[in-house]
């Protein structure tokens with residue numbers, strides 16, 4: 001049982017690190033509260049769904065960033081959508097990038113948009129890895 | 001990828017007696033993740049949830065299951081249809097409370113939501129506790145419907161509603177409630193079929209309605225008269241009354257969304273754009289209008305310029321093209337006559353529109369628009385408490401007060417009255433705003449002279465069209481109650497009348513001494529984003545299934 005205990009602790013630490021390191025906000029807690037006997041894997045399901053659905057948004061933005069000249073309105077709209085989606089799992093660092101991206105859109109800053117989006121994708125992917133690891137253990 | 005719609009509960013199951021449990025919620029959001037989360041949250045609140053990923057799908061669902069839902073929660077940004085448009089459709093066709101959601105909490109967006117009739121606006125991420133209390137919107141709406149419609153009588157409709165939320169509704173608004181409750185109890189067996197008498201306003205029905213309204217003349221049109229004229233046996237007066245409210249609301253909004261550049265003074269030539277400004281002294285115009293039997297019609301109209309009424313008439317069937325034919329009538333002499341609603345609204349709306357463009361504000365000749373702009377900041381009136389914002393004055397109440405002919409500002413100045421009105425006034429058209437300020441600059445003598453006449457007209461107006469008095473749809477009012485963020489939007493002329501009435505009742509010197517909270521509620525941001533013409537499309541598409 002010690003191993004289980006150890007795993008539990010690992011899990012708890014991992015979970016706490018999400019908060020401490022600013023990856024996730026309290027939305028995770030909200031999701032956990034929704035998890036019950038009827039939906040025992042609710043949190044994982046939501047996260048999975050998020051990544052699946054947001055992938056196409058990421059793709060759309062990538063494509064839109066290839067265009068020349070950039071359609072900032074459209075980019076902003078895509079990002080707005082993504083931001084809404086992102087709030088469902090409360091990915092904090094990703095959200096910061098979203099906000100920054102939209103600011104650059106409004107300012108018409110091509111470089112800024114592109115740079116920020118790269119950063120966003122990094123954070124997005126990093127979080128995904130961490131969450132996958134988490135659910136593996138959970 | 002995702003299911004478009006999915007029912008998690010039975011079809012149109014009757015509401016359970018342990019309201020709010022079993023509340024039938026329709027959630028519309030193109031984001032599948034949120035849809036999943038919301039579904040779970042609502043289920044945890046013991047609601048019956050139906051989710052839908054497409055706005056059109058949602059509308060179809062709502063139309064198919066006419067009384068299948070109690071409340072709709074919808075995202076603002078959806079690919080197939082703008083959330084605001086859905087909101088309007090739902091409000092008009094199904095008369096259900098709608099809650100908007102968005103990740104964007106910008107004031108202008110929220111305002112837009114309120115203006116389109118949302119009873120609440122939630123920001124994502126949404127917490128479950130926010131969803132727990134959504135039933136209040138349903139209840140509130142029912143209460144308003146019951147109250148709007150009936151004057152003192154409690155008819156079957158009311159009883160039914162009362163019945164459904166008995167504990168919650170009991171004894172609140174009706175005298176003799178106990179008696180009536182007994183009656184309704186005994187009748188409940190029979191009335192189950194009318195439990196949810198939600199009328200779907202089809203194109204035909206709406207046309208009959210509009211025709212009736214125009215026949216009577218909007219300023220005189222009350223639900224009963226309209227109902228009689230329509231000749232639809234199964235339709236109730238309440239249905240008509242609530243539809244009438246919405247009709248006004250939407251007409252107003254439609255007008256507003258037409259890019260009208262007309263200025264205030266060009267009223268006499270409604271078809272002409274802003275270039276032609278009426279030379280008539282706006283003050284006189286006001287006075288003329290007020291002196292006329294403008295029953296139910298606001299003196300605002302006199303001030304307002306109708307620049308694009310013709311657009312309007314082409315959009316709304318059955319609307320008399322009055323402005324085209326008789327520009328003068330708009331000014332003053334025909335308000336008491338069969339002025340069609342749309343015309344009235346056209347006037348108001350164009351007026352509103354003109355506020356948003358830097359047209360010469362010739363109304364007083366000395367009030368440049370920017371000046372107004374800064375006056376109108378979104379203000380959350382402190383006096384608008386949930387109760388008073390909810391309890392906008394029922395027609396009989398107002399009538400009682402007005403007919404007492406006190407010519408005292410008590411109705412408007414009393415704390416509760418003001419509180420109530422403030423909610424009302426706050427939703428006034430921008431034109432009302434203008435009037436407020438404009439009137440300030442009008443020599444007080446003018447107003448005091450007309451006060452008696454207005455009084456008379458008001459009495460007449462109020463008495464002849466009780467239905468008209470009630471403000472906006474329940475959903476709109478509910479939204480006032482919700483967050484007290486009362487931002488203005490175009491409103492039917494009638495409210496303008498009240499606005500003017502206010503001045504007239506009060507000592508001219510006290511115009512500036514209008515209760516602060518009332519004043520405050522009138523202030524709103526002129527920067528109303530008229531970024532869509534959805535209203536126009538809405539009108540056409542509204543009843544097309």
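Every residue gets a Cβ built from N, Cα and C, even glycine.
Whatever TrEMBL says is automated annotation, not expert-curated.
Among the features that TrEMBL reports, domain 'Response regulatory' is placed at B:24-139. What TrEMBL records for B:75 is 4-aspartylphosphate. Residues or ranges marked as domain 'HTH myb-type' by TrEMBL: B:193-252.
Annotation for the residue listed as '4-aspartylphosphate': same-chain Cβ neighbours under 8 Å, separated by at least 6 residues, are B:28, B:29, B:30, B:31, B:34, B:83, B:100, B:101, B:102. Model confidence over the domain 'HTH myb-type' (B:193-252) stands at 81, taken as the mean pLDDT rounded to a whole number. Using DSSP to sort the residues of the domain 'Response regulatory' (B:24-139) gives these counts of helix, strand and coil: 54 helix, 24 strand, 38 coil.
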